[in-house]
C-alpha cells in the first residue's frame, strides 16, 4: 500500500455543498406564477369565446321570436306563451308615451304585465275566481286600483257595476277572467261592459276565458275571448298583447282650489280609483262633514275603534256614514288596519283621521282575533282615562242617530253590573220583524256589529285570557261563551243602528249575506228619543216583561205558526205564543220557528231567559219556551206548547259552493 498513488483521471473527493433555501423558494415561486398566468390567460380566452357565442345566440333568438310573435295562438300554454313574448319595446331615448300591456286569462291563472312589470298574478287554488279588474292612470301608467269580483256568486256583478261606474272617464281598464265569471253576470253588468266597447264581455258564457283592455269612455285597445266547448271544460287560455298610448298629465288631473282639504283630495285621487264623485273635477263630494252637535253628549269623549283590513272601498263607505252621524268626534276615531296596506291608509288620510297599522299575527279567524285584541289594547293605551270604547268594523253603515242611541243608554253599563255590553245590532231585527226605533231589549247574546265595551271588563277579564294565536277561534263566538259572559246580558235596539253591507270577508259571501243580512232593518230617523231606558236595568226589566205577558193576547195554538194567518191582521197589539223547550239548551222548536219566520236560525240569538221579542204585522210578538223559561207560569193550563220537529238530515246533501 506504500506505493499506491491516486489516479490523475479522477477528481478529488470533496463534500457536496447544500443549495440555499432562498434560491429553492425563489425557484418554486417563479414556477407557480408562470402556472397562474397560464390559467388566467386560458380563462380570459374561454370567457371571450362564451360571450361571442351568447351574443350570437341572443341575436338569432330575437330574430326567431320576432318572426313568431305575430303567429301566437291564444290556446297556447301559459309558460310557452311567455317564453315567446318580446321584451318591452323602447321608443327612442326620451320619455315613453306608450305602454306595453299583456293580459292572460285561463282556468287556473290570470296575469297582467305593464312594460314587463307584473302588476297582477293569481294562480292560487280555490281563490280569485271571477273577473279581475285593474285601473291604470292614463298619463303615468301606474296602477290605481285592483279588484276581483266573484261573478260566479250572486250580487258580485252589482259590486262590479258600482265600482266601474265610480271609475273616472279616461282611465285605462284591464279585465281578465279566472276560472268562471259568467254564472251571475246579469244584464245590467253586461250592458255596462257593452258601453265600455267590449264585444265579448256581454256574451261571456260558462267557463269562457276573456281579456280586455280599453279606456273608460274611449276606444277599446284590445280584446280576446275563448269559448268553452262544453259544460265540463274551460275555454282555451288567451294571451292579449296591446299598446296603450299615454295621455298628457293635464288630461289626467283636476284643478281644484289650493286648500288643505283639496290637497288631501288631490293626493288621494292621484293614487287610487273607484271612489266616484269624491274625485270629480267639477263637483267633488265633500270630505269634511258638519253634523249637528248632540245635546248633553255622554259619548263625546269615548274613543271609537274602527277595525279594518284590506277592504278600502268598504272603509270609505263606512267612514262617510260614521262622520255624518250626529254627535261624532273625529278626534276620538282611530282606524286600526291589520297589515301594511297602502290604500286603506290613503282612505284614512283623505278624511284626516288617525290610522294605525300593525303586522298581522296568525292566520284565518285567529288572525282576526289577534287584530281585535291588538286594537282594543291600543285603544285603551291611547286613551288611558276612557272608561268605555266603541267598537266598529269597516263593513258597517252607521245610523244618523248612532251616537244619540249610545249617549242615552251608556249610563246603564255604569249602573248595572248584570250588563255585558250595549250593541247597535239586533240579530232578529229584519224589515218584517222590527218596528219601533225607540224600543230596547235585554238579550243573553253578544251581537257585536257596533258595540260598547267597558274598559274594566276588557282589562280585568277578557284581555288576560284572550285566545292565543295558535287557536283558530272566532273572537265573537269566544266572547259569547258562558265562561266569558257569566250570565250577563247586552242592551240592543228593536231597530238596528248599524247595517252590515259587506259581502266579501272571511266568514261572508253573497249567498250568506242575501239570506241573513240584506233585509235587516236600519234606522234612518234622526233624533229618536229612547223610551223607558231605565226599565232595562235588571230588576226593572223583569217587571216590564211580566207586565207585557199579562197584557198579551194568547194566540190560537191549533194553527200552524209558520202560516201568515197565525197572527191576526191587526196593528198595535201584543200577542204571545208558547213553544216546547224542555231545558235551557233545547232550541229545537225555536230553530224551526225562526226558519219559517225568515230570521236568524243558525244558532240561538236574541233571547232573554227563554223569551224572544219581535214584531209581526206591526204587532208585538212574544215567544216563551215552556217549561224551561221562568215565564212559563203565564201559560194558560188549556194551552199545549207548540212543537216543531227538525226535518231529517239528508245524507250526501249539497255542500258549500266550491271552486268551479
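Every residue, even glycine, has its Cβ placed from backbone N, Cα and C.
For residue 395 (Mn(2+) binding site), other Cβ atoms within 10 Å of its Cβ number 26. Under DSSP, residue 395 (Mn(2+) binding site) is assigned to coil, being neither helix nor strand in the three-state scheme. Marked as Mn(2+) binding site by Swiss-Prot on the basis of similarity to another entry: 395, 500.
The disulfide bond annotation in Swiss-Prot covers 254-281 (among others), and the record cites similarity to another entry as its basis. On its own chain, residue 254 (disulfide bond) has 266, 269, 279, 280, 281, 284 as residues at least 6 apart in sequence with a Cβ closer than 8 Å to its own Cβ.
The annotation disulfide bond is assigned in Swiss-Prot to 269-279 (among others) on the grounds of similarity to another entry.
Sequence annotations record features per position, and here Swiss-Prot assigns disulfide bond to 421-490 (among others). Within 10 Å of the C-beta of residue 490 (disulfide bond) we count 23 further C-beta atoms, all protein chains included.
Among the features that Swiss-Prot reports, disulfide bond is placed at 562-596 (among others), with the record citing similarity to another entry. There are 14 other CB atoms within 10 A of the CB of residue 596 (disulfide bond), with all protein chains counted.
Annotation comment: Swiss-Prot describes 97-258 as domain 'GG-type lectin', evidence class sequence analysis.
According to Swiss-Prot, the feature region 'Disordered' maps to 637-660.
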Nearest-integer angstrom distance between the alpha carbons (Cα) of residue 421 (disulfide bond) and residue 500 (Mn(2+) binding site): 19
Local confidence of the domain 'GG-type lectin' (97-258) - pLDDT mean: 96
Euclidean distance between Cα atoms of residue 490 (disulfide bond) and residue 395 (Mn(2+) binding site), Å: 22
Inter-residue C-alpha distance, residue 596 (disulfide bond) and residue 490 (disulfide bond) (nearest angstrom): 26
Inter-residue Cα distance where the pair is residue 500 (Mn(2+) binding site) and residue 562 (disulfide bond), in Å: 27
Which listed residue (269, 279, 281, 562) has most other Cβ within 10 Å, given these are disulfide-bonded residues: 269
For residue 279 (disulfide bond), the three-state class that DSSP assigns: helix
Mapped DSSP class for residue 596 (disulfide bond), helix or strand or coil: helix
